[in-house]
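Here the structure is laid out as structure tokens; the discussion comes afterwards.
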Amino acid sequence: MKMMMIMKTTLLLISVLLTQALQSQGRPAIQDEAPAEPTSYTLDSGEKLELSCKAKEDTQKVTWTKDLVPLVDGEHTRLRNDQMEIEKVEPTDSGLYACFAQGLNSNHTEYFNISVTDEEDEVDSSSEEAKLSNDQNLPMAPVWAQPDKMEKKLHAVPASKTVKFRCQANGNPTPTLKWLKNGKEFKRDQRIGGFKVREHMWTIIMESVVPSDRGNYTCLVENRHGSINHTYQLDVVERSPHRPILQAGLPANRTAVVGSDVEFECKVFSDPQPHIQWLKHIEVNGSRYGPDGLPYVRALKTAGVNTTDKEMEVLQIRNVSLEDAGEYTCLAGNSIGHSHHSAWLTVYKAVPPTQLPNQTYLEVLIYCVGFFLICVMVGTAVLAKMHSSAKKSDFNSQLAVHKLAKSIPLRRQVTVSVDSSSSMHSGGMLVRPSRLSSSGSPMLSGVSEYELPQDPRWEVQRDRLVLGKPLGEGCFGQVMMAEAMGMDKEKPNRITKVAVKMLKSDATEKDLSDLISEMEMMKIIGKHKNIINLLGACTQDGPLYVIVEFAAKGNLREYLRVRRPPGMEYCYNPDQVPVENMSIKDLVSCAYQVARGMEYLASKKCIHRDLAARNVLVTEDNVMKIADFGLARDIHHIDYYKKTTNGRLPVKWMAPEALFDRIYTHQSDVWSFGVLLWEIFTLGGSPYPGVPVEELFKLLKEGHRMDRPSTCTHELYMMMRDCWHAVPSQRPTFKQLVEDLDRTLSMTSNQEYLDLSVSLDQFSPNFPDTRSSTCSSGEDSVFSHDAGADEPCLPKFPPHPNRGVAFKKR
């Protein structure tokens, strides 16, 4: 409970708030230095505590506080200006200590987390042993003294916490205690910072735990009469390193009448415990801002020791008066940084009820509204009819099939490259009609059979195909592994492993149309080394089978994850051994191959719309192949594709114009490629870690971007940032990306394998960053803020010269 209280008060904004409290009300604060992370100390009862406040300049005054309460010099706590001493600490001395040093030009703040071990456990242990010695002196094998306190085996704690495991036991002679981690002896040099073992308390203590501390911890207790053991499982939850995120639109502007009640709400998302405060902007001598540009504010509501975050997220104003009108700010901060949103309260006097309009006016209004509604309904019906006709015409002109008299005619386009030799013939409707059974599917029960054309260039006899195990399910069908004979025309007896796409048992007519459409699209696109290629199809005398290349190593995301080096913070599995080492060259090669595949698809006028590591497959020879491109739409005659149906959207991979306007272009695919690059260099990490999807929209509009992965060079990160440019036309083309990655691949071809213990800047040439970042923030390590004067991503504020720097100068 003490640690929870300490984390709750570990905040960046305490210095600002206390400085304002110490000054006269309404006076703007001196600009503060950004405080560092709190320093943590753990002491035993009776030890001496000495803390020192080290300011960068001569200080005029130093103030010490404990849990936000000012300390005074006394017998127990001695204060010597910039030093604080407690000769013998007690458990009640645990808490968050802070020193505030006021200087001529700035204020300096330091925080200290102090934890004093309670001796109660030791007393309990001693009393148990004394009782045992009095009651029994006979030889006895070890037994647990307090088994009820050992029932909780799984302990999930946030990073930086202190963890204690206890295995108190009785026995005669007194048993010995040994600790194991993951079945092996646990030694102090195996952990950064070591650990403490208190034999008399049967306890192991690990301070400031990190993700690499995850695992199974076993206490082995034994004497010459026997042994017992108990295992605790520790899971360290990594914190999401970013400042608080406030929900967009909150608090909202309010309008109230004198005497009524008003509520402002502020929704805060933060992994480190946030500190929330409500402020009201005031005027001093007719001005709302001080000489340094900071606003005059008055604290209305501040978190106390027993105040919950939910209570702090709501500000209630009872019996509103005209003086309550003005600007209110929700200020939230943690150890990483701070955020704020403001709203206005407008107060009116009670308005007397207005006289009701006469009967004639009401009748005219009713007639006008009725006429308007009728016009709207007629217009809507006409537009819907026109849209339906246009959609039907477009559907007939596409590669997709449409049913007419129990036949599915296919119309092929001829504006394709010679690589797709099978599609060079101008489109007749049916080459050679043949019936395709629906297999009695319940969804296709109304249509017992379909007629599909036979394409001799791609047709594969069913007796040459042996289906194997399922590989997965797609949006309208399933994929099976299979062995096919005769795929290689030069070696007709050779057996090849393939993947077969087919419909599920509950498929609809549209599902069949989509599968055929994808097959025809793959025929037209042609073959390329870095895409999944069509090998053939079974369209006659049975269900439709679409035969494509088989990728033995699955998708790129899982391929990277199983090859993470031990100790990487994204994943921990003590029993997992990396399949093979990954080098910088390997990662760049993955990106280069995907870029080549996308360059080819772009040359064929195909937009992927769902480019991500999960949609890139890896062959046995580590060749990257882009999958599901057959679902893309042909855009020979238009420059963009606007999605008009609502479905599951991969929002964390989507460009802003696709998210907000549903416009898909090659440039939106480039944005997705930038996110895929981030996935590659985090070895399968999840984009925007710790950020709720509903907050992603606002953050992207404000120009936030993900930070550089630790295994990524500066040049490659600049490539990602180019892909994430707010203006689509300013993003690179896939042709340019292929050229840049080719150059990078040649420069990194002889580098060593990944070493996560050192910085990877050594792999990057001297690559100057010429990008301007007029509003970048170093306080947010999940995103970096990139916005320029010509980019439509600047935050929108009411016109005031000092808005946007309300609480801290940049």
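From the backbone N, Cα and C atoms, a Cβ is placed for every residue, glycine too.
Per Swiss-Prot, Cys266 makes its disulfide bond with Cys330 among Cys167, Cys330. Considering only the glycosylation sites Asn107, Asn229, Asn253, Asn319, the Cβ with the fewest other Cβ atoms within 10 Å is that of Asn319. On the 0 to 100 pLDDT scale, the topological domain 'Cytoplasmic' (385-810) averages 71 in the predicted structure.
The shortest Cα-Cα distance from Asn107 (N-linked glycosylation site) to any of the recorded positions (Asn113, Asn229, Asp610, Tyr717) is found for Asn113.
Across the fold, the C-alpha of Asn285 (N-linked glycosylation site) and the C-alpha of Asn253 (N-linked glycosylation site) stand 26 Å from each other. Looking only at the glycosylation sites Asn113, Asn216, the densest Cβ neighbourhood within 10 Å occurs at Asn113.
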